[in-house]
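Q: One structure, as C-alpha cells, below. Some questions next.
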Amino acid sequence: MAEQLSPGKTGDQVCTFLFKKPGRKGATGRRKRPVCNRDPGESSSSSSEEGSTVVRPEKKRTIHNPMVQKTRSSGKQKVAYGDLSSEEENEPESVGVVYKSTRSAKPVGPEDMGATAVYELDTEKERDAQAIFERSQKIQEELRGKEDDKIYRGINNYQKYMKPKDTSMGNASSGMVRKGPIRAPEHLRATVRWDYQPDICKDYKETGFCGFGDSCKFLHDRSDYKHGWQIERELDEGRYGVYEDENYEVGSDDEEIPFKCFICRQTFQNPVVTKCRHYFCESCALQHFRTTPRCYVCDQQTNGVFNPAKEVIAKLERNRAAGEGGASDFPEDPNEDPIPII
C-alpha cells in the first residue's frame with residue numbers, strides 16, 4: 001500500500017504503489033519428496049522443526065488379463081485326503097488321489113484274456129427279433145383255448161385262433177429257420193486287413209486289372225515290399241543292405257537270347273522261334289512236333305508255327321564276320337559230345 005502523506009507535504013511528494021508478485025501455480029500440484037530416515041545418532045531437533053511426513057504407496061488397480069498366466073500357487077488351502085500325521089500337516093500335497101490295492105497279482109480284465117469274449121455290437125438278446133418272437137410264442141401257448149380277456153399285450157402279442165404251421169413263416173423260433181433278421185454269431189474272430197495305402201487301387205495291385213481303367217482315381221501300382229522271411233534270409237546270408245552295381249545296370253537285349261538249343265544243347269542250326277519266344281534248331285523243333293504240338297520248354301500250344309529267329313541269325317552272321325580269332329558270343333565246349341536225339 002502507498003504510504004499515507006501528511007497534509008503539509010502533499011504537493012511535494014509523489015504517491016508510490018507496490019504490487020505483490022504472484023507465486024507459481026504449478027507448485028501446488030507437485031508431489032512432496034519423502035523424508036529420508038535419519039541416523040539414530042543425529043539430533044531430533046531438525047526433524048521436529050521440519051515436521052513428520054507420511055507417504056502412502058498408491059495401489060494400482062490390477063486388471064485381469066487371461067493372456068498372462070503364473071505358475072505361482074494360490075494361497076488357498078488344499079484339500080487333505082486321508083489321515084495326515086502332525087509332520088505332514090504343514091506340507092502341501094501334490095497328488096490328491098489315493099488308490100487302494102486289490103492285493104492280487106492277477107491281471108486286470110478277464111482271466112482268459114478275452115478268449116471267450118462275446119460279440120456285443122448288435123442288439124441285445126433280450127431285445128432282438130428272435131427274443132420278441134419267442135415271447136410271443138409263449139404268450140400264444142398260454143392263451144390258446146381261452147376267451148379273449150380284452151387285455152392289450154403289445155403289437156406282437158395279439159391272440160391267434162389258428163395255430164400256424166411249423167415253418168419259417170409260421171412258428172419256428174430257430175435262429176437260422178425263421179422270418180426276420182437272424183442273430184449274428186456270438187463268438188467271433190474277425191480277420192481284418194488294415195489298408196495303410198488308401199491311395200493305391202487295391203484291385204489293380206492284387207489282380208492287375210481294374211474295371212475303371214484309366215478313369216480310376218487311385219494309383220495303379222503293383223510294387224510291393226519284401227516279406228519278413230525274405231529279409232531274415234538276406235540277413236542270414238549277409239546280403240541285406242548290400243547294393244551291387246549290377247542292380248542299376250540296364251541289360252542288353254542279347255542277354256535274353258539263349259546261346260544253345262534247349263533240345264540238343266548244341267549251337268543253333270537254322271534257328272526258329274515259337275510264339276512263346278523260345279528258340280530251337282529247325283530240325284529239333286520239327287522232330288519234337290511229331291511227338292507233341294506243345295512247346296518243349298513251357299508246354300504251351302504252338303499250333304505248328306515256327307518262325308525264323310532273325311535275332312539269332314543276325315548274331316551268328318556277326319560272329320562269322322568277326323573271324324575265327326574273334327570272341328564268340330556263343331561259347332562252345334570243344335570236348336562236349338553231341339547228345340543223340342531219340
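A Cβ is built for glycine as well, from the same backbone N, Cα and C atoms used for every other residue.
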Q: Can you dig out which of the ranges 108-136, 166-194, 195-223, 224-252 TrEMBL describes as zinc finger?
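A: The range carrying the zinc finger annotation in TrEMBL is 195-223.
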Q: Could you break down the residues of the zinc finger (195-223) into DSSP helix, strand and coil, giving a count for each?
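A: For the zinc finger (195-223), the helix, strand and coil counts are 9 helix, 2 strand, 18 coil.
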Q: Averaged over the domain 'RING-type' (261-299), what pLDDT does the predicted model reach?
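A: Mean per-residue confidence for the domain 'RING-type' (261-299): 87 out of 100.
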Q: Kindly report the helix/strand/coil residue split of the domain 'RING-type' (261-299) according to DSSP, in that order.
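A: Tallied per class, the domain 'RING-type' (261-299) gives 10 helix, 7 strand, 22 coil.
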